[in-house]
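Student: Below is a structure I'd like to ask you about.
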């Protein structure tokens, strides 16, 4: 539903809500752990509140223009589009939606269709982006922050304080991303965030390798330094791979494969979240300080992946996203030749004229 020039920031409201939930959960857990012996029951029981809000919100949620048009309610779809855009001058966008919907309705097997060669770039992104998002190590820090900090010599209370602090940093950094994503673009945020996360992971590993003594204790100064660097890591994740790991897959699929593509994105994210959650403590025991080098290596791989394979999607209408892939230096060799539509051709790119197409 979002207009192309605001799509990134509005899409990241999803991540903002997620980080706000994480921070709120940390605060609730901190408060309820002091209530003996039933505080943990209160913590779990409060989950019913957002579940109720989601249920009520789902009932009241209006339909999107794309959904209405795809189900044959064309005039209603146009009225909703005019309401969203605040103007009756929506002919061009409405025509693009109607044409995309007409094509989508001819596709009976979206999961089979998404495997076709012309959808190969989007499929690769739907798998790699959510997998890489988890392989930054962020879930390990969020899940096991108290355990992680205690293993580095922090007390139990200090570990909870650190968890709340990292949650607050993650929330703040998402606001930075919302404010900058539609001006700076997706690639710049992903690459700059990746570089900062690599540096932070290496610094934490170096501090632990040099200063973590045989008594499993860090000096006060080193402890503060570790928390500060982890906060810088969270800050970088919050403006880059955190929200953009969801934003990029959500905006690259054509209408006929969008539901299948989003399903794959969520499934891959949950699968890797499960794997890392199960394996992290064993990896921490086996690698010790090198666990941070392990994640830093993955971040280096994903940063290089973005530089080579991901074009800039800023400002490109979703209905015309396929043309972006057909012009990319690598993916144009993978995709079949695209038929030229009226208004498209060498030097006559209707929607991409003012958009910087990165290799």
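Using the three backbone atoms N, Cα and C, a Cβ is placed for every residue, glycine included.
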Student: According to TrEMBL, which of these ranges is transmembrane segment: 99-122, 123-146?
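Tutor: Spelled out, TrEMBL records transmembrane segment over residues 123-146, not the other listed ranges.
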Student: Among 75-95, 222-242, find the range that TrEMBL records as transmembrane segment.
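Tutor: It is 222-242 that TrEMBL describes as transmembrane segment.
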Student: Mind pulling out the one from 42-61, 158-178, 190-210, 262-284, 291-310 with the most Cβ pairs under 8 angstroms to the transmembrane segment (12-30)?
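Tutor: Maximum Cβ contact count belongs to 158-178.
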Student: Pairs 6 or more apart in sequence, C-beta under 8 angstroms, 3 or more of them: is that satisfied by the transmembrane segment (190-210) and the transmembrane segment (158-178)?
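Tutor: No, the transmembrane segment (190-210) does not contact the transmembrane segment (158-178).
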Student: Taking 42-61, 123-146, 158-178, 262-284 as candidates, which has the most Cβ pairs under 8 Å with the transmembrane segment (222-242)?
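Tutor: Against the transmembrane segment (222-242), the leading stretch is 158-178.
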